[in-house]
Amino acid sequence: MTSDFIYPEAQSIAGVDEVGRGPLAGPVVTAAVILDPKNPIIGLADSKTLSKKKRMALYEEITHKALAWSLGRAESKEIDEINIFHATLLAMQRAVNALGIKTDHVLIDGHICPILSIPSSSIVKGDSKVPEISAASILAKVTRDREMEALDKVFPGYGFAQHKGYPTAFHLEKLALLGPTEQHRRSFRPVRRALISLTG
C-alpha cells in the first residue's frame, strides 16, 4: 500500500471502518484494529478491492497478528430507530470501546468521527490509504458476509448469501413477493414500500 498519508503523533493507533450502510437487511458491522509494527501484514487494501479468498486469508492473518482488534454492530431495529448514519457512528463507538488495550488515536474511514473519549481523525478513502483502516475494513466485511450467509439459511428465498442484503434486482423482486423479514430495515424506502404493498 502506497500513500502520502501522514500519521498523527501517537504511540498506539487504531483504524476503524464499517460495512453494511447500504443494504436493506442485516446489521451494520464495524471493526477496530491496532496493528503490530513488529509483525507487519503484507497485502492490506480496501476490502472491496480484494477477492473473497484474499480477504479470508488476510482476515486470519489480521486476527492472529494484530495487537488488538474488536467488532461493533448496530442491528436493523437500531438502524430503524436512530437512522443509518447515527447507527453507524454507534457501531464505531462500540468497536473502539471493545478494544482490549489502550489506543492514543483513532483513524476512521469517511468524513465524520463518532464521539470518543480519545482523539480521532476522519480519513476520506482511508481504507485505501491507511493499513489500520484497511485491516478494519477486512474484518468488518468478512464478519458481516458470514452473518448474511447464515441468515440465508434462516430466511431462504431472499438470496442473502449472494447479495448480502444489498438492493439487487433479485432481492427487490423477492422482497415484493415474500415481504420483509425481521432483519429488514423498515426505515429504508424499498422495504417500506414492500410492506405497504403487502398489507394494503
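Yeah, the Cβs are placed from backbone N, Cα and C, and that goes for glycine too.
Note that the structure is predicted; figures quoted are calculated from it, not measured.
Swiss-Prot lists 11-200 with the feature domain 'RNase H type-2', giving sequence analysis as the kind of evidence.
The feature divalent metal cation binding site is assigned by Swiss-Prot to Asp17, Glu18, Asp109. Secondary structure at Asp17 (divalent metal cation binding site), taken from DSSP and collapsed to helix, strand or coil, is strand.
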Counting all other Cβ atoms within 10 Å across every protein chain shown, which of the binding-site residues Asp17, Glu18, Asp109 scores highest?
Asp17
Neighbourhood of the divalent metal cation site (Asp17, Glu18, Asp109): other residues with Cβ within 8 Å of the Cβ centroid, in order?
Val16, Val19, Thr30, Ala31, Met92, Ile108, Gly110, Gly126, Asp127, Ile133, Ala136, Ser137, Ala140
On the 0 to 100 scale, where does the mean pLDDT of the domain 'RNase H type-2' (11-200) fall?
97
